[in-house]
């Protein structure tokens, strides 16, 4: 009946929709050409929403970022009639049939459009021909980093956008909403960096063969977390330096203890320096952490050299004292270990050494010591020998050398001054 036919016409679900290609008259135009070809450059607005900064690599000097990239332009060839002035939204299948800006990322290493569950592409066309083209992209791009202040550094990186084919005579790339064109997710965070700021800027790029191009910049500053490196590098280095100072309080005659302590701290400092260098790019300039670790290594090394000087000067001093006292008494008595230190020969008993025969052979010294022990001497000579022995013992058993005394004060004082200067300079 007529009533049923009228009801069917009013029911929009029963009306077959027109094809989008027919509604936009895609077949009637050549979309290989840009809008307004031959006239003024077409303005293309850009805005970006940063979803996340996925990683920062010091070794590769790059960063990875996921973002929503939106383009705005007007193409009158896509205008259509609409009684309600509503836009039409399409997915990525229509992109290949119309003209879209050829924006690319300068200094990009890798990039891709997300395709789960389908390609993350949206195209929205308004009746007057205005177009919104949106992509969800992950891009890895270069960041020219300066590690001279590492790990107390702040890195400034930028992601640059530019048209590949159209120079400024054909396409004008600009930020759609000025400084507000760049927005970020509130929950963006990184393990090693504070994100200090995001900003948008623009400029021009010149290529000798093709001319000038509009270029947009997404700038962000990254300040490194210092606490991780304090725990992993600075604090262990401080402990090794302070541990090397323990040898200044150890008896200078305890050669194995002081040498072992010095070599252990030197090797530990070498391990710390190797671990830090392994995680960094092989740059040709000195980093702040290198300055600290090398000077700390120098303090540890000097503590070993300090004991070598103490041991050498102590030996020279004791020999001079023994020669001086030996000339006055003609004979002195020292134990077997001390005798071996002076003449290089093994003795199984205490030895009475005569400096007039100090350079004779070991056999003669042993024979003289045996004869001296067997022969009877008078009480006056025994008292004189005991007096000389007591004086020599006081010289040898004296624990404190003048170099050790000064080192206990100079080493910590200089290291504290260095730390104040270092942290004041770099922080």
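Cβ from N, Cα, C; glycine included.
Note: TrEMBL annotation is automatic and uncurated.
The feature transmembrane segment, as given by TrEMBL for the ranges 267-290, 291-314, 315-338, 339-362, sits at 291-314.
Within the set 386-405, 406-425, the record from TrEMBL flags 406-425 under the feature transmembrane segment. Looking at the stretches 201-225, 226-250, the one that TrEMBL records under the feature transmembrane segment is 226-250. Packing against the transmembrane segment (406-425) from elsewhere in the chain are residues 241-242, 245, 248-249, 291-292, 295, 299, 302-303, 306: each is 6 or more residues past its ends and has a CB under 8 Å from a CB in it. The DSSP breakdown of the domain 'Neurotransmitter-gated ion-channel transmembrane' (234-322) into helical (H, G, I), extended (E, B) and coil residues amounts to 75 helix, 0 strand, 14 coil.
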